[in-house]
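Colleague: The structure's right below; bear with me while I get my questions together.
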Amino acid sequence: MPIPISSTPSLNKEVFAQIRPDFLDFAKKPEIMDWMVGIRRKIHENPELGYEEFETSKLIRAELDLMGIPYKYPVAVTGVVGYIGTGKPPFVALRADMDALAMEELVEWEHKSKVPGKMHACGHDAHVAMLLGAAKMLQEHRNDLQGTIVLIFQPAEEGGGGAKQMLDAGALDNVDAIFALHVSNKLPIGVVSSRPGPILAATSSFEAVINGKGGHAALPQHTVDPILAASNVIVSLQHLVSREADPLDSQVVSIGKFQGGGAFNVIPDSVTIGGTFRTFSKESFVQLKQRIEEVITKQASVQRCNAKVIFYENSSYPVCFNNKELHEHFRKVAGEMLGVQNVVEAVANMGGEDFAFFSEVIPGLFFFLGMKNETQGPVQSSGHSPYYMVNEDVFPYGAALHALLATTYLSENPPKHTSPPEGSFHDEL
């Protein structure tokens, strides 16, 4: 179980005095809550995969237009970047991912996915709704902001590296810090968790084609069996973690794909295997990648086969690293809003998140937002499931935390220069 953080000093009361609105109470108003729920359900009914989020993006832009929030579009194909505040430094960003997953929804409810083979099974529809909710609150108090809040609506988190594409397109130019949340069925509603340092692993995937010589299974001496070679490869890959990695340096190599042959009495010409590997350090990642290729090619050659290994760079994410100062800011702000007992230390896990591209270049903070409510019956604990469900009661908490994290960051980080040189930054508004 997560460990409660024992001591959370209060934020400077003068800072909170500058943040007049009570964001959580505002977000809980029925009209705001119903509006966020309506947005989420529209997106849920019409899920779109990475870089195909055209209707989702259109809905987001329509809502920003109604609120009078300026934005840039397109950014990285379907991404949207909105701006609230002075248009001047400091700049702080809030991010929500938009894409769905390629799976059939099996939850029977009024707003079930209308697109065969596509589903929002990781809560990204909820993330968009909550960031728009935060935008509505922030826009109402835009004249009180002491800087600029950047709204990042990002495509293609699920394996498409959308964050990297947005970086390359300049979405975080001038931005000093960035925050993001992810809903979690493992934490009760009203509880949040994070940790300083690594919170999610560096990840990548690979595929290998092992070629031999096929033939009749009754005459194996006339074949070069790629199934036997692939089997030895898979066993040897597991030794990379158990025999070569430091036990205190978490690493994972998992094979999830094995395709070869189509008949019980025929040895095929080739076998294809595929898998993922994950680490918590860049050095371990590079070393593990090199050894995976060596083991596959050399073990295949032991069995008289040859192998070709392909690493999918588009699905490679660095370590998701939380900045220590931003984590301290997060636990202070969340503690004030939710109570110290409801801010807990997250346990790092081997999942991956392309938010890591953002936190690799500027200070970032990624946290989990609890939405578990046992009184509403069992909730699927794992994302990427066809039975995945979102507890919509969590929306006010996510929207309010977004808004409060950003506004207090601006209040605590005034511009370093009151009169910056001409041309040192551009007015985003």
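Cβ atoms are placed via backbone N, Cα and C, with glycine included.
Annotations in TrEMBL come from automatic prediction, not curation.
What you are looking at is a predicted structure, and each value in this text was computed from that prediction instead of being measured.
Take a look at what TrEMBL says about it:
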{"type": "BINDING", "residues": "Cys122, His124, Glu158, His182, His384", "note": "Mn(2+) binding site"}
{"type": "DOMAIN", "residues": "205-300", "note": "domain 'Peptidase M20 dimerisation'"}
Colleague: Within its own chain, what residues at least 6 apart in sequence put their Cβ under 8 Å from the Cβ of Glu158 (Mn(2+) binding site), listed in sequence order?
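Modeller: Long-range Cβ contacts: Leu49, Gly50, Asp97, Asp99, Ala100, Leu101, Cys122.
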Colleague: Tell me which of the binding-site residues His124, His182, His384 sits in the most Cβ-dense spot, judged by other Cβ atoms within 10 Å.
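Modeller: Going through His124, His182, His384 one by one, the largest Cβ count within 10 Å is at His124.
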Colleague: Take the mean position of the Cβ atoms of Cys122, His124, Glu158, His182, His384, the recorded Mn(2+) site. Which other residues of that chain put their Cβ within 8 Å of it?
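Modeller: So the additional residues around the site are Asp97, Asp99, Leu101, His120, Ala121, Gly123, Glu157, Gly383.
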Colleague: What number of additional C-beta atoms lies within 10 angstroms of the C-beta atom of Cys122 (Mn(2+) binding site)?
Modeller: 22
Colleague: Based on DSSP, tally up the residues of the domain 'Peptidase M20 dimerisation' (205-300) by helix, strand and coil.
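Modeller: Counting residues by DSSP class gives 41 helix, 32 strand, 23 coil.
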